[in-house]
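Copied over from Swiss-Prot, here are the features:
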- Lys7: site 'Contribution to the catalysis' (SITE)
- Lys7, Tyr8, Gly9, Gly10, Ser41, Ser174, Asp175, Tyr180, Thr181, Ala182, Asp183, Pro184, Arg185, Lys210: ATP binding site (BINDING)
- 25-30, 45-49, Glu74, 125-126, 151-154, 274-279, 292-294, Gln298, 360-361, 374-375, 381-382: substrate binding site (BINDING)
- Glu74: site 'Contribution to the catalysis' (SITE)
- 267-343: domain 'ACT 1' (DOMAIN)
- 349-421: domain 'ACT 2' (DOMAIN)
Amino acid sequence: MALVVQKYGGSSLESAERIRNVAERIVATKKAGNDVVVVCSAMGDTTDELLELAAAVNPVPPAREMDMLLTAGERISNALVAMAIESLGAEAQSFTGSQAGVLTTERHGNARIVDVTPGRVREALDEGKICIVAGFQGVNKETRDVTTLGRGGSDTTAVALAAALNADVCEIYSDVDGVYTADPRIVPNAQKLEKLSFEEMLELAAVGSKILVLRSVEYARAFNVPLRVRSSYSNDPGTLIAGSMEDIPVEEAVLTGVATDKSEAKVTVLGISDKPGEAAKVFRALADAEINIDMVLQNVSSVEDGTTDITFTCPRADGRRAMEILKKLQVQGNWTNVLYDDQVDKVSLVGAGMKSHPGVTAEFMEALRDVNVNIELISTSEIRISVLIREDDLDAAARALHEQFQLGGEDEAVVYAGTGR
C-alpha cells in the first residue's frame, strides 16, 4: 500500500463544484489501495481578499494578527474538503497545521519549517481515514503562536509532510497539467515535460516558473521526495520531478525550457567608493531587511575619482523598502545617486545539456539579437543563463529562445482557465 500526499491549489478549490470534483479524485485514490494525506490551499482568491480586508481596517496590521487572519482561508477549504469526502462515503479527518505537527520559526508572514511531528496524522491514517491538512501554516514551538509560511507555503507544507511520513510520492495539483518548456500563455507550442531532475526544477523555480515554489523543491531534494505536478482538471500523469542531474547520461542531457519572471526590479547605486567593504555595506543592509538579491553587476572603477556603480535586481514587491534603505546609506556614503527601474523582466534558459553544449551561450545571445532585444544584465549557473531585459520585450524574447533551441512541438499546449496555482 502506497502513501500518497496530494496538494490542491486555490484554483482547484475555488467553488463547491470544484471541491466536490477534488473530493472524488481523493476518494478514488484511496479506493485504489493508497493511504492519502491531502494538503489544501485557501479557496480561489481568498488570501488576497483577506489581505484587502485587513488593509481596510488597519493599513499596518500587526504581523501576529495577520497570520491569525490568513490561516482562516486554509481552514475553511480544509473543512469543506473533509465534508465533501464524507458525503462520498469515505472517512476523513481535518487538521490545522499545528495539529499536524508543523513546527516553524517565529517569524510571522514568512516562517520556516524546522520540524514536522505528524503523530496525530499517523494515528488517523492507521484508522483508515483520509487526512486533510491545512497548508501554508504552522506553529512556533516556543510561543505557540500560529505562523504562515509565505506565498506558496502550501507546496512546502505538502513536501514537508511527505518527507516526515516517508510518502511514496507528493502530487501537486493546480490548473496546469505539468511543467512545460515555457509558459504556454506566451509560447503556444510549449511542450509538457515528462520528467525533470531536482536541479533542473530548482533552476526553473528560481528564475520565474510559478508551477512550484523554490522552497518546496529545495525541501524535496533535501529529503529525496518524488514530486509529480498534475492538473485537477484532467487525468494526465503530469511531470515527475525526481533524481539528480548527475544521473542523466551526457548523451541524453537536454535543454529543459525557457522561464520568464515579471516580478523583479533593477536598482543602481551610482558613485559608490571603490574600496573593500563598501559593497558589503549595501548588501548587508538589504539582507538585514530580508530583501533577496538576484543578479549583481559592478562596473569597472573610475580612475578619476575612485568610484564605481553597482547594479542589482530584487523583488519588485520589496523595491520601495530597498530604496528607503539605500537613500539613507547614500547620505552616509556620499554616493552620487540611487536609481530604481521596475520596467524590466527576466528571461532564462535552463537545462542539464548546457554543460555539454559549448555553443549554447552564443546561440542564446544571437536569438535575442535577431529579435532586437537588448540585454541589461546577465547571470549564469552550470545549467542556466538568465538575462534582464525591457518588460516590453519579454514575450518576443521567450518565443525566440524557445524556437532557437527547438523546444516546441507541432501541437499547441492545453491551457486550462486559471493562474497556474
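Using the three backbone atoms N, Cα and C, a Cβ is placed for every residue, glycine included.
Since we're looking at a predicted model, the values are computed, not measured.
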Fill in: Candidate nearest Lys30 (substrate binding site) in space, where candidates are the recorded positions Lys7, Gly9, Asp183 and distance is Cα-Cα
Lys7
Response to the item:
Cα of Glu74 (site 'Contribution to the catalysis') to Cα of Ser41 (ATP binding site), in Å and rounded, measures 5
Worksheet item: Can you tell which of the binding-site residues (Arg25, Arg185) has the fewest other C-beta atoms within 10 angstroms of its C-beta?
Response: Arg185
Response to the item:
The number of other Cβ atoms within 10 Å of the Cβ of Asp183 (ATP binding site), counted over all protein chains shown, is 23
Worksheet, complete the sentence: In DSSP terms, the domain 'ACT 1' (267-343) comprises 29 helix, 24 strand, 24 coil
Discussion item. Given the binding-site residues Ser41, Glu49, Asp175, Pro276, Ile293, tell me which ones have a C-alpha lying within 10 Å of the C-alpha of Lys7 (site 'Contribution to the catalysis').
Written reply: Ser41
Discussion item. What are the sequence-distant neighbours of Ile293 (substrate binding site), meaning same chain, six or more residues apart, C-beta distance under 8 angstroms?
Written reply: Phe283, Leu286, Ala287, Phe312, Thr313, Cys314
Practice prompt. Could you tell me which of these binding-site residues, Gly9, Gly152, has the fewest other Cβ atoms within 10 Å of its Cβ?
Written response: Gly152
Discussion item. Around the C-beta of Asp175 (ATP binding site), how many further C-beta atoms are within 10 angstroms, looking at every protein chain?
Written reply: 20
Worksheet, complete the sentence: Averaging the pLDDT values of the domain 'ACT 1' (267-343) gives 92
Item to complete: Could you give me the DSSP helix, strand and coil counts for the domain 'ACT 2' (349-421)?
Response: 30 helix, 14 strand, 29 coil
Discussion item. Tell me which of the recorded positions Glu49, Glu74 sits in the most Cβ-dense spot, judged by other Cβ atoms within 10 Å.
Written reply: Glu74
